Amino acid sequence: MLCIPRSFQYSQKNAVLVPVAAVGVGGMLVCWLMSRRKIKSIEMGDGWWGSGEKPLKVKEDESIRPFKIETSDEEIEDLHRRLDQARYAPPLEGAAFNYGFNSDYLQKVVAYWRNKFDWRKQVEILNKYPHFRTTIEGIDIHFIHVKPSYVPHGKAVQPILMVHGWPGSFYEFYKIIPLLTDPTKHGLDSGDVVFEVICPSIPGYGFSEAPHQQGFDTLATARIFHKLMKRLGFKEYYVQGGDWGSRVTTNMSQMLPQSVKGLHLNLVFISIRGLKKMIQVMLGTYVPWLVGFTREDVQRMYPFMQKNVFDILRESGYLHIQATKPDTAGCGLNDSPVGLAAYILEKFSTWTDKSFLSKDDGGLESKYSLDDLLTNVMIYWVTASIVPSMRYYKENFARDPVYVPTAIAAFPQEIAHTPQVWAKNTFKNIVRYSYMPRGGHFAAFEEPKLLAQDIFYFVRKVEQL
């Protein structure tokens with residue numbers, strides 16, 4: 001009996017404390033669950049992409065071997081013979097680039113290629129940075145690794161892995177590398193940061209060996225590139241990419257978030273399916289602020305059907321071919337340098353600026369030199385890598401969220417624009433979102449200084465977190 005009032009008294013006394021404690025414990029539980037969610041990662045696993053079965057008792061050669069690009073008289077003579085034998089279909093009058101690569105202009109490009117382009121000189125330019133190869137999961141991986149020649153006092157060297165896409169190559173980064181490794185010399189505001197740059201060739205592209213097994217996707221690429229960085233002695237590093245490089249570096253961030261200090265992208269893959277996005281699209285043109293769009297988003301996204309349906313359908317025919325029957329079209333491209341050039345360079349036209357469709361020369365020489373464009377084509381030609389690069393589209397990739405610090409540089413002439421309000425559904429820790437003033441799909445190739453400065457701003461911000 002005496003215990004009853006004491007219990008009652010005790011419960012009265014703690015009537016407030018118990019709920020508060022419960023809320024506190026619940027809050028800690030939520031935080032714990034959130035933290036567990038944030039460190040959720042894609043299983044890294046392992047793979048084998050060499051020819052035949054994986055050897056069970058032989059340890060893989062983990063040495064890093066210097067590599068040099070070479071050419072020969074036979075290689076150049078074979079190219080010239082094929083260029084001389086090319087045949088062309090006359091273009092429709094006034095078609096410009098609306099039907100694809102205009103064959104009148106193509107003949108001018110081929111004439112330059114045959115008579116003025118100096119592949120030996122371009123090989124020397126390609127070899128100005130240190131090249132290496134190493135064997136990972138049964139295939140040889142090619143990469144360039146450029147360190148700063150001088151590190152000023154007070155500057156920290158940060159490793160950054162930069163990954164190209166299709167139809168690009170490691171050569172896309174040749175203009176941005178000196179800006180990242182010696183920013184002061186090039187007038188960039190780098191703060192206390194300077195980079196050492198690692199640019200690998202995706203397996204099946206350029207001088208990286210093509211996978212011999214089916215199923216090689218961006219997850220396998222991400223794992224191989226993590227192994228590459230570990231082999232180079234890096235525990236933490238930044239990653240950057242556009243096109244396929246965006247997907248690969250995103251997967252790297254999902255796979256080993258503890259190793260990726262920051263993710264910088266100049267293209268993000270976001271689906272526009274779902275009721276919420278459809279409502280945002282319908283309201284965005286009238287009350288953009290209500291659905292999280294900025295004025296810049298509206299300018300880049302609307303008229304919506306034109307920019308996000310018709311334009312993309314026009315530009316994505318290659319994707320459907322490469323995602324279904326890549327070897328069929330690849331046979332012709334691997335045999336004909338002229339066909340290869342037309343197929344690749346057409347992307348450097350409309351993916352750089354959609355208005356270039358109306359130009360007879362596709363606007364190619366307004367943004368690039370023919371030497372640069374043909375050097376990229378030659379990397380595909382001399383390595384016979386067009387078919388394996390196209391096969392990459394037939395494989396799959398993951399769509400899990402990303403929690404590492406992320407920056408998105410949105411270039412106005414990119415194939416499609418992704419507003420930050422959509423991007424944050426996948427990228428949960430966006431610390432920088434930039435509306436770039438000019439430029440398109442091949443950002444490092446076209447606007448290296450703009451991209452380099454944005455990377456510096458991002459990394460400095462991450463380092464201060």
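Yeah, the Cβs are placed from backbone N, Cα and C, and that goes for glycine too.
Here's what TrEMBL has on this protein:
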| type | residues | note |
| --- | --- | --- |
| TRANSMEM | 15-34 | transmembrane segment |
| DOMAIN | 64-173 | domain 'Epoxide hydrolase N-terminal' |
| ACT_SITE | Asp243 | active site, nucleophile |
| ACT_SITE | Tyr393 | active site, proton donor |
| ACT_SITE | His441 | active site, proton acceptor |
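Over the domain 'Epoxide hydrolase N-terminal' (64-173), the average per-residue pLDDT in this prediction is 97.
Asp243 (active site, nucleophile) sits 12 Å from the residue listed as 'active site, proton donor', taking the CA atoms of both as reference points.
Cα separation, the residue listed as 'active site, proton donor' to His441 (active site, proton acceptor), rounded: 18 Å. In the domain 'Epoxide hydrolase N-terminal' (64-173), the DSSP tally of helix, strand and coil residues is 37 helix, 27 strand, 46 coil. Sequence-distant neighbours of His441 (active site, proton acceptor) (same chain, 6+ apart, CB under 8 A from its CB) are Gly242, Asp243, Leu267, Lys347, Trp351, Thr352, Phe411, Gln413, Glu414, Ile415. It is Asp243 that, of the active-site residues Asp243, Tyr393, has its Cβ surrounded by the most other Cβ atoms within 10 Å.
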